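According to Swiss-Prot, the protein carries these features:
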BINDING   THR10, PHE11, HIS18, GLY89, VAL90, ARG91, GLU99, LEU124, SER125, PHE126, VAL127, SER128, SER129, SER130  ATP binding site
BINDING   THR10, LYS42, MET74, ARG88  substrate binding site
SITE      HIS18  site 'Transition state stabilizer'
Amino acid sequence: MKNKAIYPGTFDPITYGHIDILTRAAGMFDTVLLAIAASARKNPMFSLEERVALAKEVTQHLPNVEVVGFCELMANFAKKQQATILIRGVRSVSDFEYEWQLANMNRHFAPDLDSVFLLPSQNLSFVSSSLIKDVARHDGDVSTFLPEVVATAMLQKLGKR
């Protein structure tokens, strides 16, 4: 039986931290769906289509990863995709508390959906998309946190290139 995992998130933008978690998940499961949430309430910098396109570009080296956009309840999306594993990156205790609640809510709606928590590599444990956007808005160098194509797209969005 093939195992299919979903790694959901807003990925606004996708960072080396996300790619670190995704790469390790791709080594653990037959198929990993990088599921990019529309997340309109978060007022994303990039449209869903842009985030999907950037993610596809920077994950080409992972043959068992598929990038898809979605805009529904994660548990329902997982059922439709016939996925039984939900991948989540956990950087801190506060992340874990939130993820634990989310895992229990997902399990309420999809009892066969198990959450697997992965810790980022130590050098990426402080990286978050929102922090990187803030650094970029204040003219900080974000090139060590983002693939070049993503950094370029972000700087263009900010009118800095």
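Along the chain as shown, residues are numbered 1 onward.
For all residues, glycine too, the Cβ spot is worked out from N, Cα and C.
Here the features listed in Swiss-Prot are painted onto the structure.
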residue	record	CB count, 10 Å
THR10	ATP binding site	18
HIS18	ATP binding site	24
LYS42	substrate binding site	12
MET74	substrate binding site	20
ARG88	substrate binding site	22
VAL90	ATP binding site	18
GLU99	ATP binding site	16
SER125	ATP binding site	14
VAL127	ATP binding site	21
SER129	ATP binding site	23
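Classification of VAL90 (ATP binding site) by DSSP places it in coil, neither helical nor stranded. Checked against MET74 (substrate binding site), the binding-site residues THR10, VAL90, SER125, VAL127, SER129 differ in C-alpha distance, with THR10 being the nearest. HIS18 (ATP binding site) sits 10 Å from ARG88 (substrate binding site), taking the CA atoms of both as reference points. Comparing SER125 (ATP binding site) with LYS42 (substrate binding site), their Cα atoms are 22 Å apart once rounded. Of all the binding-site residues given, namely THR10, VAL90, SER129, those whose Cα is no farther than the 10 Å limit from the Cα of LYS42 (substrate binding site) are THR10. When the alpha carbons of THR10 (ATP binding site) and ARG88 (substrate binding site) are compared, the span between them is 12 angstrom.
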